[in-house]
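Per TrEMBL, repeat 'MBT' is recorded for 20-120, 128-232, 242-349, 357-454. Annotation comment: TrEMBL describes 506-621 as domain 'SLED'. Taken from TrEMBL, the feature region 'Disordered' covers 645-761. Summarising the annotation, TrEMBL assigns compositional bias 'Basic residues' to 667-686. Annotation source TrEMBL lists compositional bias 'Polar residues' at 687-698. Residues or ranges marked as compositional bias 'Acidic residues' by TrEMBL: 703-718. Residues annotated as compositional bias 'Low complexity' in TrEMBL: 741-754.
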Amino acid sequence: MSQEQKGRPVLGDGVEEVEFSWDEYLEDTGAIAAPHGSFKHVDTSLQNGFAPGMKLEVAVKSDQNTYWVATIITTCGQLLLLRYDGYGEDRKADFWCDIMTADLHPIGWCEQNKKILKVPEGIKDKIPDQEEFLQRVLKGACSAPANLLEGLHRGKNPLDLIAPGSRLELQNVRDSLEAWIVNVVENVGGRLKLRYEGLEDSDKFDQWLFYLDPFLHQVGWAAQHGYSLQPPLAIRSLKSEADWQEILKKVKEEEEESSIPTDLFKDKPVIGVHSFSEGMKLEAVDPMAPFVISPATVLKVYNEKYFMIEIDDLRPDRTTSQSYICHVNSAGIFPVQWSLKNGLHLIPPPGYPGQDFDWADYLKQCGAEAAPQSCFPSLTSDHGFKENMKLEAVNPVDPEEVCIATVTKLKDSYLWLQLEGSKKPVPDCIVSVESMNIFPVGWCETNGYQLRPPRKAIGISSVLFVAVSWVDKDGKIFQSRTVHDGLKNQEMNSSDTVVINGKYCCPKIYFNHRCFSGPYLNKGRIAELPQSVGPGNCVLVLKEVLTLLINAAYKPSRVLRELQLDEEAAWHGHGETLKAKYKGKSYRATVEVVRTADRVADFCRKTCIKLECCPNLFGPQMVLDKCSENCSVLTKTKYTHYYGKRKNKRIGRPPGGHSNLEVAMKKPNKRRKRRKHFFVHKKKHSSTSVDNTPAGSPQGSGGEEEDDQDEVDEESLTEDSTSEHQDELLEESEVSEKKSLSSSPTQSELSHSLAQDRDKRKRKLRTFSFSDDENKPPLPKEIDGQALLLLTLPTVQECMDLKLGPAIKLCHHIERVKLAFYQQFAN
């Protein structure tokens, strides 16, 4: 027995997770992705360790026993574009080398290994004094890293050197500056899953950090900077002191095997000198729960670089504290009154008397001073982020999760992010624009990590807030409340009926599967639709109803076009953007829906008439046994019965004008698929006359029915060109007009009528947008052969205006071109 039969209705039909596509999601939401250039830590992670301007010693092609100094012009993966020193700005002799196969060495290698440095023949005349030239060009020069040119690390992306099993040192930022060894469990594009040394069998204390985190260092850092190696307090009691010392001894013995080159950390942010003093007050966001801004105190100053702050808590019986270590550039610390100046809510400390927090009274009460503005770095708004932009972000509550995030608010260099798809709902997160826990769209896919997809609402579960009243079996209202997203798919105990109140609340919309479905809607798909949708907000309910109908069509794009708001029509309701997919193409159009409950029934009936189906196919009235429109007598034959839409027009073929009309309508080089089944009342069929009443239908010859087709060539919907789409849609319009012409017009009347309708259709088509951006003019940018080899995924998306899916495919082909290039031309 269903929930409705039991008398306990359900709000919505549940939630499902589906395969996620960023391209489709951005198109559906109408949002844009945050620019790749706004994620500086990701850009840094993509660098290969070589930079333009670095110098190295390269074997001369004409004489493999001699070498000469070359400068890196640009890099692309393991490819280097080099130019021998002495060519100046002349690029004609530039050449590509594969780091893995070419004879490349750092500056000084020839001298150490008794090899000959000799000027290449092409520039011999330009360099009369080789020694003087080398002294001049090598003065202050930066050599390419030796570890990336020789040994096991040769040709590897520096980020790949942080492999599982590698060891690092991590400072304890919760209670002290002591460091302890951590093992790399996983490396996802530079985002590291770390496990404390000695806890190999437990993941309870695992942490996720980006490799450029200022508190993460190579092994040996603590000793070099005067910090002790001690396990954090949270795990210290798990082993004896002797066990920890034994673990530390083992690490030192294996240091060489698991060490990571120090060059890898050269791009880490430099920690500056702070000017905070103990006892100063400020505003802060707890990094472990970055949802609110609270008053905080500088609890301890360690040295010129590090200090500890504590989130204020005035409760006398508190047992824990929220404290963590900061530096001058730490995110989430603000001067007093920053929240007030930016229109943000400051959460009073627990135990604070009253809800209206005042900093002046609070400072006087605590006998403290506010940290001066000079203690804080200046904040910038030049970062590229804007409201409603999409990105990927780490869930602070569960760092294993990377979720879809929407920028809901911006203040200076801080973002408020709404996370979608997390296992447990979380409030909007406050993050810095320089946070290493945010990533560009497509980062997870690029690095093979699971992005948490949004939960897809089914039925009316997309309605978030609805005012309801609970009614008992005797009809007495005894309770009112608001049903929100968290109550989806839950039974409503305490009553048998839900009464939706309010001007904008739509009644339940029924799909009456037995009613006549018309020429556009697939009867089988209609039968698979839910029995009803709603109740809820009018706009949301009707939008969902129309979406279900579009998806139940033979050709969704055709139904979307029929529903599309006519530019010349009067505006009476609310415009909603709907989407249809057909033959691999996506279409979008604005459709008008009503906003108030009193207009819903009329809206449903008129929409049914537009779609040439029974006016009771869907609406607030349930059809139980027999439809009031007597639509059960409709059946498939070669003509269409119009409910009100075109019933006053003659639909038959003009006598004597058929052959000429067919020639005028025919589109060259296009094969049309014919639909042979149209609709007519069984009882009213006549072979001698055309009945123009609602119950009548046109007559015609069965042998000529293919010429009265009403469908556009399905193959045309897969064309790439906008003009071809429009031609086919125009053709469809012309053919449908052919059916509705008067029974005896002249040829000139036909031409004039079709020209008018063609112009009208062209105007309408301008508002019918295609998701594949065919309407955009070609970009004026050019890419030559050398530049092609340099293209990476972020570059392709930004410079070529490609979506993620096509960009990944293009990069795959570019890699194949590179491989062929290496094999034929590289040393």
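Quick reminder: no glycine exception, Cβ is built from N, Cα and C everywhere.
Highest Cβ pair count under 8 Å relative to the repeat 'MBT' (20-120), across stretches 128-232, 242-349, 357-454: 128-232. Counting residues per DSSP class in helix, strand and coil order gives 42 helix, 31 strand, 43 coil for the domain 'SLED' (506-621). In the predicted structure, the repeat 'MBT' (128-232) carries a mean pLDDT of 87. Summarised by DSSP class, the composition of the repeat 'MBT' (357-454) is 15 helix, 31 strand, 52 coil.
In the repeat 'MBT' (128-232), helix, strand and coil residues by DSSP number 23 helix, 30 strand, 52 coil.
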